[in-house]
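*Asks:* Before anything else, here's the structure in question.
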Ligand code: UDX
């Protein structure tokens, strides 16, 4: 059993704290947000993450997991041997990562620490931040107490964060002090994963490069999808055929309305920013971002192709979250698509199983509906924006009957073109040529 303090109770911090406790460690999770900590102390979660609540409750009950707003209590109370920094690094000016929360955490750690510590950075931070954190901690210490900084980037997907923590493809640790990295490695031994130890900057870069590569895979298949549409090929089959090649792999080759969320957009932009500042010209990454932006606009182009003028047209969005199994709408394609449609003069409605309360705050003009059938009633078109499982099993004949016009733009390719046309829909997927004659149209 090790004693660990985790700073930050967002989805990364909370998952890390709860899972480390579940591995038998004693963990204190610190967040400056009093409301969040009060909720957590009652065993309630401020975010929607499958399986996490149960782990949090179980470990609180076993006295392995506690929550506090006090850095002193979190770091010195246990006392902690490791302090994980897992605070947000939102997008700042010009795509540069905003490090104010990391700075605040490092300052507070320096101010309160009364014993030697290994500081583990989990937040996604620009390359070189590990050294910067060390400087801040040192500058805030009242007396010199030894500490070591280790970078340990997270690769947790929202919606499967607990599974990803417990079943990692690899653990990356970067430090200038190998012994410190090896101590952190001990925490992960029960997971029986590959552990890679490297230097600080390389570990930080692995995180950016991994996310940028995944975003590239998606933008690549989206570009292929657009070419498929022009040539009458089916991108789903193309992705399957490509995926059999082990060097390529099938994952992250689902064409659609593009990538969003709290990580990919900000991380790709931050990497571009770092590159440009250091005199590089990241052509590929810039194209990856541009393709993603256009992918959302394409939905509106497709609607205009069918409906012509969107003024007064009632368009229903199936899904608002940036992907299924989360209520997160950060950088969600739905936000941009809704904005574009409103600008065209359309009446925009939406339904999402969990993300509507979040979306209502930023999209006051969008009418939220109780279910997909209410959404379909009188609609001129429906757009599948998020691939929630429940959308895959809708009563489509009923949906068609309820709609004013049976137009469906399937932004996630969850339906089969042939079946949809047999049901009488005017259907457009993404990159799904269907009649082998070089056209996606009837
Ligand atoms: C991502 C990384 O996967 C994770 O390793 C990192 O730590 C955080 O960022 P997450 O943001 O939770 O995780 O989402 P992810 O499941 O990776 O999906 C990102 C976006 O890509 C979503 O909008 C999703 O809809 C989209 N996507 C994904 C596609 O459009 N096609 C695909 O084939 C896969």
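Glycine too: its Cβ is placed from the backbone N, Cα and C atoms.
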*Asks:* Among 158, 223, 229, 237, find me the residue TrEMBL lists at the same NAD(+) site as 31, 36, 89, 124, 266, 330.
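*Replies:* NAD(+) site check in TrEMBL: besides 31, 36, 89, 124, 266, 330, the record includes 158 out of 158, 223, 229, 237.
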*Asks:* Going by the substrate site in TrEMBL, where 155, 156, 157, 158, 207, 252, 253, 254, 255, 256, 260 are listed, which of the candidates 61, 323, 392, 400 is also part of it?
*Replies:* 323
*Asks:* Which secondary structure state does DSSP assign to residue 36 (NAD(+) binding site), in the simple three-class scheme?
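*Replies:* Reduced to three states, the DSSP call for residue 36 (NAD(+) binding site) is helix.
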*Asks:* For residue 36 (NAD(+) binding site) and residue 207 (substrate binding site), determine the Cα separation and express it in whole Å.
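*Replies:* Just about 28 Å between their Cα atoms.
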*Asks:* With the substrate site defined by the record as 155, 156, 157, 158, 207, 252, 253, 254, 255, 256, 260, 323, how many Å span the farthest pair of C-alpha atoms?
*Replies:* 24
*Asks:* At a 10 A cut-off on CB-CB distances, which of the recorded positions 253, 255, 263 has the highest count?
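*Replies:* Neighbour-count leader: 255.
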